[in-house]
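One structure is given below, encoded as structure tokens.
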Amino acid sequence: MKVTLPEFERAGVMVVGDVMLDRYWYGPTSRISPEAPVPVVKVDTIEERPGGAANVAMNIASLGAHSRLVGLTGIDDAARALSKTLADVNVKCDFVSVPTHPTITKLRVLSRNQQLIRLDFEEGFEGVDPEPMHERIAQALGSIGALVLSDYAKGALASVQQMIQLARKAGVPVLIDPKGTEFERYRGATLLTPNLSEFEAVAGKCKNEEEIVERGMKIIADFDFSALLVTRSEQGMTLLQPGKPPLHMPTQAQEVYDVTGAGDTVIGVLAATLAAGNSLEEACYFANAAAGVVVGKLGTSTVSPIELENAVRGRADTGFGVMREDELKVAVAAARKRGEKVVMTNGVFDILHAGHVSYLANARKLGDRLIVAVNSDASTKRLKGETRPVNPLEQRMIVLGALEAVDWVVSFEEDTPQRLIAGILPDLLVKGGDYKPEQIAGSEEVWANGGDVMVLNFEDGCSTTNIIKKIQKDSQ
């Protein structure tokens, strides 16, 4: 199916809410402390990730939209770490610094994939003057297409009603990820996105979808919401709007590893899609697809445009099928971040036969992802002669992309893929035939980067040339 993503690059979104820094200390443990009956962790890895409203802003930026973040922080190392990390992913931070409070920080100590303890560094921001935040919102309303209020009940949204009214007067939709059961404080919001447990804490336990719809519509009327999106984990999402039939969307998740931060991804994609000019129904469709991707990752994560496009095509993973070179580089970087081994091969693949399929299947077994680089029509003609290719580039790439063994397909114009390989730098470069490894284009670059080069045998008796000769002979 042809998928057209929203024009995220022209979307502007402001996120206001409780920002926090998630810190992770990892290490092995092999003994019990002599001081107390607790394990001793030898910390060897430290990670810092934006959390809360900051993760929402990061999700919006990852789509290519203009993301601006407003929140309360202290004047400390955690605030500086947040600012730097977010600036690196193109989130514009406009924090209100509160010298009497620390930046909210959650430190987790983990060993052998188990969390041993969590330490929270925080003081509620209730009572802090909200006017500086109101000023930042008012200044931005003319340049944004959506306002997200991300509530973790830490005090940044103590004046949430004034924030909603500022946006409503400017005609800017307000999307809220709620906290707690006091939906009254969100009165007048455009869209509320509670998960099922948050929804039922207000509406009561629901036996079926009919009860969800009935009670959801009552909540919309009671609190003057324009719409309500109930996220229901493995049951997908339900969008409710006055005067319209409910829209039920089944989950698109293939595998669920971690639901951490999935709500941040949902509201981030919703806001960016609305700000790009799409309808609420379309925004929910893309948000549902994004949720299916992000729960397949460990920890709080974001979704790239490539991942989102492939998810709505029905293949919820990091980039599948035919790609441009720039898209492929992004997909490969994401795969490496997950620790996946990338294998790359190349060829003309003019008339796909059993030998090709067997070779590609064997290449795929050598790693986690397989890239197939394909000679363009002009490159093939120079290599094989004026009568080739039999099948044009687009058709060759589509057929290759449909193979289970192949993750990504990309084309190159040159006689050899050396430049392309040097730009991708796969972990393993594979070529079929009777080559020596040093004869393979791109081998020097791959070796220099610490990768490997391998030659695989083709299946005997299978060749495009022989197929063409047989066709010509049979037609005489």
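Cβ atoms are placed via backbone N, Cα and C, with glycine included.
Since the structure is predicted, the reported quantities are computational estimates derived from the model, not experimental observations.
What Swiss-Prot lists as active site is Asp264, and the listing cites sequence analysis. Taken from Swiss-Prot, the feature ATP binding site applies to Asn195, Leu196, Ser197, Glu198, supported by sequence analysis. Marked as region 'Ribokinase' by Swiss-Prot: 1-318. Annotated region 'Cytidylyltransferase' per Swiss-Prot: 344-476, in sequence order.
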Neighbourhood of the ATP site (Asn195, Leu196, Ser197, Glu198): other residues with Cβ within 8 Å of the Cβ centroid, in order?
Pro194, Phe199, Glu200, Ala201, Val230, Thr231, Arg232
I'd like to know which of these recorded positions, Glu198, Asp264, is least surrounded, judged by other CB atoms within 10 A.
Glu198
What does DSSP assign Ser197 (ATP binding site), in three states?
helix
Cα separation, Asp264 (active site) to Ser197 (ATP binding site) (Å, whole number):
16
Quick one: of Asn195, Ser197, which of the binding-site residues has the smallest count of other CB atoms within 10 A?
Ser197
